[in-house]
Structures are given as C-alpha cells and as structure tokens.
Amino acid sequence: MSSFLQDQFQLPTLLPTPTFTCSFPARHLPSLKLSKTTKAVALIITNETLEKMCSIGAVSLLQPFLTEAFNFTPDQARTTMFLYGGITNLVPVLGAVVSDSYLGRFTTLSISTPCSLLAAVLLMLTAFPGMHPRQERKAEAWQMALLYGSFFFFTLAAAGIRSCNLPFGIDQYDLTTEAGQRGKERFVSWNYASFTLSITASVIVIPIVQEITKSWVVGFLIPTCFMMLSCLLFFAGLPLYLKSKPEGSPQVSVLRVFIASFRNRNLPLPSDPNHLFTCPSHGQPAATVCTTNHLRMLEKAAILPAAISSNAGEEEEEGPEITTARPSAVDYHRQYPWRLCSIEQVEDAKSVVKVMLMWAPAIIYQMGASELQGHGYSQAAAMDRKMGPNLKFPAASIGIFSAVALTTWVTVYDNVIVPLARKRRNSSSSGDHNRLLELSILQRMGIGMCISTLAVVVAGIVEGQRRRHVEPTSVFWLVPQLVLLGVAEGFNGVAQIEFYHAELPATMASLTGGFFALGYSFASFAAALLESIVRATTRSPDNKKIHWLSDNGGKLDHHYFVVAGLATLNLAWFLFMAKRYKLRPGAN
C-alpha cells in the first residue's frame, strides 16, 4: 500500500504569489502560480472534508437525539442506526453503477451534494421545539416523516458523494503522464488526511458544543453550515473541473457474465479457446488470454453463437483476407451484451467470485465492530463522565478513541513497517516476493480479526464489572476496548484494501471501495438481525420487557460473549480459507 502522507502538495503551490524584490535572477525563483488542476483538486478536497464533517457530525449526535428528543428506546435507536448505516454503505455501490453507466461523476455529484444540504436542513428543523414530540410522548406522523425525510436525502447524498468524490478528483489528472501519476498520489494522501480531520473535528467539536449549549438546534446547525459551505465551494469550481463521460460499470459487466453463462448453461464448453469470444481491443486471440481453470461454467458466457462460429470456420478455410467473422461477433456482442461476453469479462467475473470467498468473513468481523460502536453511546451515557468539577466527557464522542488508535496505527504502518517491508522485499528473490506479499496481506487480515475478537471479550468483561458496581463506573474504562477496535481496523481494514487491489484486475479497480462498503453494510444488517434474535430468545418469562439488551435487568456482557463466540468461529473459517487461497496469476 502506498504511503498516505509522504507525498503531499509542496508548500510553494499553496501560497499566493509574493510581491517582494530580491537580487536573484528571476529564472531561479520557483513558480508559485496555482494551476487549474490544483485549484480544482483543492476545491474537491475541501468540499469532501466539509461534507464528511457534516455527515459524520450529524451521525455522531443522531443516536442521543433519537433517545432524548424523539423518545426512542435505546434498542430502537440502536436498530435505527444499524439500518441507517447498512443502507448508507449499500447505496454507494448502486450510485457507482448509475454514475459509471449513465450520469457521469460530475452530474452525480451535482445532484447528491444539494441532497446532503437538504438532509442537514431537515434534520436541523426536527430539533426545533414543536418539531419533535414532548417528553415521554410518541412522535406524530408528520414529525416522523420529517425525520425519515432527512434520512432519505442523506442516503441519496451518500449514494453519489461516497462513490464519486475520489474518482472525480482522480479524473482531474492526466494519468498517462508521470506528473499526473504523482498528482494522483498526492490527491489520495490529502483525501485520507481530510478523512482524519473530518472525523476528529466532527466527533469531538460538535458533541462538545451540543453538550455545553444543551441545544440540539445548535448541535445540528454546525453540520448544516459545513454542508452549505461545501455546496458553495463545489459549484464555485464549475469552470475548473474536467468532466469525464460515463464508460460503463464493472458491476454491470460482472452481472452480464452470470446471466449470459446461465442462458448458455446447456451448451458444451469448446475444447479450443479460439471458439470463445475475445475483445478485439486487447489485440490478442482468446488462446493467448490468461485463463484460469476454476469456475469454468462462467466461460459459457463467452461461447460464440452457432452462426458466428460456423462463419469463423468458413473464413479460416477461405483465407486470412476475409475478415467478416470478427466484426459480426463484435456486433453481436454490442447488440446483445447480456447474451455474449468476452473471455476478458469472464476472467474478471471469476476474480470477483474468488475475492468474495475472503470477503465474506469480513462481514462478521465488522459486525463485532458495529456492536461495540452501537452500544458505546448507551454505555457511556450510563457511566461517570466527569473530567473535573464542571466538565463532562460527551457520550457521543466516545468513538474518538477508536479513530485516534486507527490513525496512529496507519501512521506507524506507513512510516515504519512499510519501509522495513520494502527493504526485505528488495533483498528477497522475485520468486519469494509473491509469497511474502500474500502472507503479509492475509496475516494482517487475520491479526485484525484476532484483535477485534479480543476487543469484544474485553468489552464483555468491562460491562460485567460495570453492571456489578453500585456506583457509576468511569467512562474511561471503555477506552481499552475502543483502542483495540481501532488497532484491529488498522490491521484488517488496510489489509483488506490491499487485498482487493492485488486480486482484482485493473478493469475492476473501482470495486475495491465497493467491497469494503458492502462489508460494512451487511455487517450492520447482521448486527440488527442478531439483536432481534437475542431480544426474542432471552426475554424473561416473568417480564417480557426484560432481556439481555434491556436497560434495566439486561445482560449486555452475555451478548458480547455471544458476539465473541461468533467472531472466533469466523476467524477459524478465515484461517481455513486463507491457508488454501492462492493469488491470481499476475496479481502483484
């Protein structure tokens, strides 16, 4: 994985042109004029930072807002957050399909950015007196409609912004040049830095301001102002942006392979690879395409129709001058893309299926993280949060410890571990290089799962001790489990991204973020499902309102141990699969 922060914008490119005189020749002075690309990228990064500060800041207040203002029970608020997190991580995959196939990234961002502002405004309106129910009363239908309306527009915004912001920034560079490649690396570095800044600012500042002012209106006004400024800056850069046209979605390409292979399921696979359709843009016959021996049934998607196959045979007999067969195959492929796919598309689809075998265990791993984060606010709110005679730690800011641990680990990984690994790889033979990289990625994924499981066990122990104490326990007893969770994400999350980049072909590079987001989406849904099962199976026979997850008489520590047990089984399955997993040819 490339360094996040080592390649940054040089300081002269960020400063205004100075108006001083000196005795040096002018040719020795560096040019400080900002290029059009630099201005466009600066606006894109600033826009994304402000948008994340809005969305993350609003979400950090959402769970306490639902319980205190809308009178949700902690279970209802937590389930709502699980479902909201699952949907907002799912829709970017759909947004990428729409953007890549139909609208284009700029148009998608032009629609989704105002949607985020509208969502923030609607959420702020629900914080005004009279716009949410009074204490201990249920919300009216129009109040719930206003609340869920803000959720709906936040979801639309996530579909476009999360899927398009990073690719749109990369579109501003000419990647065929060395300068463009360097600019892309700097943009990715600054993109990560903006993510860290947005988490720190939103999770700390916004809850603290809300805690001090005791006003939900002020708490949600800050993210709204961030998003308003984000919209203004984004549309201010209209004359600067380079706008690429939609070129098709890799997700749709994979789906076409599955459907075409199903339609051709009764056809026998030809023994000669030349009878499989290959895309002429690659300039190679099918026999020279690097094919794999697994999932051969998907190759039926590339079987040429009978008429085209017979024409090809006749042309081979007549001589190489007659070249009507290939255009006819290409025309058929373009006219019926859901019936005939190229062998290149088939191999890409095979890579996706193979990666999913290692992606599936990440769902349970991320489910454990979702459980700790979901219960973190409820635990913190019930604990002693005093930091002095007049200051309390905001319960909504409890997640900052995980963010700090994650950032610290990634910094250490980038600046210490990666340089050492490069030295080791440079001293090893080329034959050992692939094996070392494979073990490094899979081992770090496994280590992250181990640490995450340990974090859930620690959470269960701390919760058990908290429940047994009569006096409130200090909120900082939650720090160890949250730090472990952040370190686990630093191990597993970074390794997951590297794994997807190594295993997926270049044509599927945009799916890397999609796999990561889908993992969190399914993990959130799995967490909501697990809690529903726990509530249904652990109810007290004397009082149906008491179960493991209830506020009074609950046994959250038992629930944590169940999650830890599932995580242990998931780790065993991951180790079983990792031992038998082989990197695809040419992945490195």
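The backbone N, Cα and C atoms fix where each Cβ goes, glycine too.
The annotation transmembrane segment is assigned in TrEMBL to 81-99 (among others).
Residues annotated as transmembrane segment in TrEMBL: 106-129 (among others).
Look at TrEMBL and you will find 141-161 (among others) tagged as transmembrane segment. Within the chain carrying the transmembrane segment (141-161), a Cβ under 8 angstroms from the stretch's Cβ atoms is held by residues 48, 51, 55, 58, 70, 84, 87-89, 91-92, 94-95, 98-99, 108-109, 111-113, 115-116, 118-120, 122-123, 125-126, 131-133, all 6 or more beyond its ends.
Residues or ranges marked as transmembrane segment by TrEMBL: 190-210 (among others).
Among residues of the same chain six or more beyond the transmembrane segment (216-242), those with a C-beta under 8 A of the stretch's C-beta atoms are 36-37, 39-40, 43-44, 46-47, 50-51, 53-55, 57-58, 61, 65, 69, 106, 109-110, 113-114, 116-117, 120-121, 123-124, 127-128, 168, 171-172, 202, 205-207, 209-210. What TrEMBL records for 216-242 (among others) is transmembrane segment.
Annotated transmembrane segment per TrEMBL: 393-412 (among others), in sequence order. Among residues of the same chain six or more beyond the transmembrane segment (393-412), those with a C-beta under 8 A of the stretch's C-beta atoms are 4-5, 60-61, 63-64, 196, 199-200, 203-204, 207-208, 210-211, 373, 376-377, 379-381, 385-387, 475-476, 478-479, 482-487, 489-491, 493-494.
Per TrEMBL, the feature transmembrane segment maps to 441-462 (among others). For the transmembrane segment (441-462), same-chain residues at least 6 beyond its ends with a Cβ under 8 Å from one of its own Cβ atoms are 358, 361-362, 365, 368-369, 371-372, 375, 477-478, 480-482, 484-485, 487-496, 498-499, 502, 557-558, 560-561, 563-564, 567-568, 570-571, 574-575, 578, 581.
Taken from TrEMBL, the feature transmembrane segment applies to 474-495 (among others).
Residues or ranges marked as transmembrane segment in TrEMBL: 515-538 (among others).
As annotated by TrEMBL, transmembrane segment applies to 559-578 (among others). Counting same-chain residues at least six beyond the ends of the transmembrane segment (559-578), those with a Cβ under 8 angstroms from any Cβ of the stretch are 357-358, 361, 364-365, 367-368, 371, 442, 445-446, 449-450, 452-453, 456-457, 459-460, 463, 530-531, 534, 548-549.
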